Amino acid sequence: MKIQPLFKQHVMGHKLRYAIGAALLSMSCLLLLVIPQLLRHFTDGLQTLTLTGKDIMTMALGIVAIGLLTAFFRSVGRIQLFGLAREQERKLRNDLFAKWEGLSSEYFNRQRIGDLMAHAVNDINVMREVSTMGVFMTIEATVLIGVALVAMAGTIHIGLTLLVLLPLPALTYLAYRFRYHIQERTTHVQEAIGQLTSRVQEFCAGIRVVKAYAQEKSELKKFEEDSCHNREMNDQLIRSNSSFSSLSQVIVGVSYLLSVVFGGILVLRGDISLGDFVAFNTYLTMLIMPVENLGKVINTFQRGRAVDIRLRHILSTEPAVSDDDDVEPVAGGIRGKLEFRNLSFRYPDQQQLTLRDITLTVPQGSSLAIVGKVGSGKTTLVQLLLRLYNPPQGTIFIDDREIGSIPLQQLRESIGFVPQEHMLFSTTIGNNIAFHPHGYTSEQIEEAAKVAQVHDNIIAFPGKFDTSLGERGVSLSGGQRQRVSMARALIKKPSILVFDDSLSAVDAETEEHILNGLKAVMKGRTTIITSHRLSAIRHADQIIVMDQGRIVEQGNHQSLIRLGGIYASIYDMQTMNREMGG
Ligand SMILES: Nc1ncnc2c1ncn2[C@@H]1O[C@H](COP(=O)(O)OP(=O)(O)OP(=O)(O)O)[C@@H](O)[C@H]1O
């Protein structure tokens with residue numbers, strides 16, 4: 001998908017408002033340019049002693065009036081243009097967030113959080129700078145430089161104007177030379193900030209591990225290294241920026257010198273009046289700032305261009321998992337019959353197959369348990385059911401429909417998924433359970449919490465269900481987090497329930513309570529449980545044992561024990577452990 005440059009898109013969408021803002025700002029610049037003409041008459045009048053007190057008063061009032069009008073037009077124009085820039089900033093952030101929401105797990109596996117944050121915060125700030133200072137200074141510089149030069153050449157002295165203009169192409173050359181340099185260094189700064197943000201984010205997420213392993217010093221050292229790198233990158237950018245700005249000032253200074261020396265000679269020779277000389281130098285003084293700003297404008301647009309390319313790259317990223325155009329919702333809703341047909345799957349960028357030739361049917365309303373060693377592919381199998389990754393065409397069917405032909409929204413709304421890592425949001429416990437745009441009643445929230453065996457824990461908190469959680473729910477224990485996460489899936493009353501090792505952080509007694517509570521909920525719903533603990537799954541209608549991505553044993557608890565294979569040996573070992581423990 002090709003996207004137009006973002007700034008161009010925004011301007012084209014708000015042509016009239018940009019035109020009004022530009023007109024108001026131009027008006028203020030034009031008014032400002034009247035002042036040198038007033039000074040010219042004033043100086044000539046003084047020199048010829050023809051000025052009256054009334055003339056002086058009129059001139060003073062004129063300058064005040066111009067000052068007030070300039071300020072008025074400038075500030076209204078500024079409000080208009082800056083308002084547009086804020087509008088663009090808001091829209092870009094929303095678009096970026098919406099884009100990220102649509103992208104699949106695969107994309108996020110490849111990104112560092114710090115980089116994503118840098119895009120959302122710093123990159124968009126640069127875009128705002130383009131639309132505020134960039135636009136503002138471009139209009140100001142164009143009008144001030146253009147009109148001042150015409151006034152200088154047309155009304156004062158064309159030769160002198162051309163002379164002071166001579167050094168200016170050097171400024172353009174300079175800007176050209178610095179162009180890629182500054183862009184490159186800006187990218188390095190963004191990367192360094194991304195690295196720093198990732199480091200802080202990772203540190204905060206892993207604070208318990210850092211402390212438990214007494215790694216504070218080494219973490220601080222790593223942070224210092226990143227911090228130094230960030231400073232170095234910023235120093236390099238500052239050096240480039242200041243060299244550019246100093247050299248441009250030297251060039252402007254040369255123009256000024258030429259004006260004073262040769263303008264002075266022209267006055268002495270009587271080619272121009274003293275008033276002309278004063279007006280000429282006032283114009284030149286007025287030019288210095290916009291000419292200097294021209295450098296900043298080029299600089300800002302260069303940075304903007306680099307950011308624009310980056311943001312457009314993100315905004316045009318196609319999600320790896322998305323609906324085809326011809327998807328049709330399953331009439332009457334998904335009921336929950338699952339079928340895997342010769343499913344083999346390899347993660348993108350991986351050589352090895354993670355799942356091999358999985359063939360399996362899970363009748364609607366029945367339960368399937370998946371056991372197997374670490375890394376045998378249990379999570380991968382359930383993630384494919386949610387289409388967090390794309391399974392190969394024709395390998396997974398739900399209610400006899402190929403999974404790819406079911407709208408993603410309907411598919412995911414029909415599955416209550418309790419993932420291995422229990423992500424809780426920094427809001428109340430109630431909101432964490434009722435994680436749905438339409439919300440749920442407090443009775444439904446309490447009921448789900450009861451089935452997940454976390455109700456009693458929650459009402460023991462002073463704020464009960466309104467208790468606010470710290471970021472990622474760190475104020476709850478691992479087991480409590482697991483059960484809140486489970487309540488979130490149960491409240492949906494989905495046709496398919498998936499528990500991915502969801503009982504690992506609860507004790508045997510709580511596990512028993514949860515499983516008893518789940519019996520009623522599971523009635524009529526297809527349920528998949530992956531677990532390392534056989535006690536959690538032995539009542540499942542169907543159990544599969546996975547090894548290196550394959551189903552190596554299949555049956556129910558009794559038949560697998562009779563088989564005397566891997567399942568039986570895990571069962572023996574766990575039973576022995578329990579007996580030794582008890
Ligand atoms: N996003 C990914 N990209 C590439 N490889 C992955 C990805 N996720 C998992 N894998 C690999 O796929 C294999 C199966 O992982 P999976 O998480 O499905 O195993 P599991 O049986 O659920 O393990 P566990 O019991 O530890 O949860 C592992 O070798 C793992 O390294």
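Just so you know, glycine gets a Cβ as well, placed from its N, Cα and C.
As the structure is a computational prediction, the values presented were derived from the model and not from experiment.
As recorded in TrEMBL:
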- 16-36: transmembrane segment (TRANSMEM)
- 19-303: domain 'ABC transmembrane type-1' (DOMAIN)
- 56-76: transmembrane segment (TRANSMEM)
- 133-152: transmembrane segment (TRANSMEM)
- 158-176: transmembrane segment (TRANSMEM)
- 247-268: transmembrane segment (TRANSMEM)
- 338-573: domain 'ABC transporter' (DOMAIN)
Exercise. What stretch, picked from 56-76, 133-152, 247-268, has the most CB pairs under 8 A with the transmembrane segment (158-176)?
Worked result: 247-268
For this session: Quick one: find which recorded stretch in 16-36, 133-152, 247-268 has the most Cβ pairs under 8 Å with the transmembrane segment (56-76).
Result: 16-36
Exercise. What average pLDDT does the predicted model assign to the domain 'ABC transporter' (338-573)?
Worked result: 87
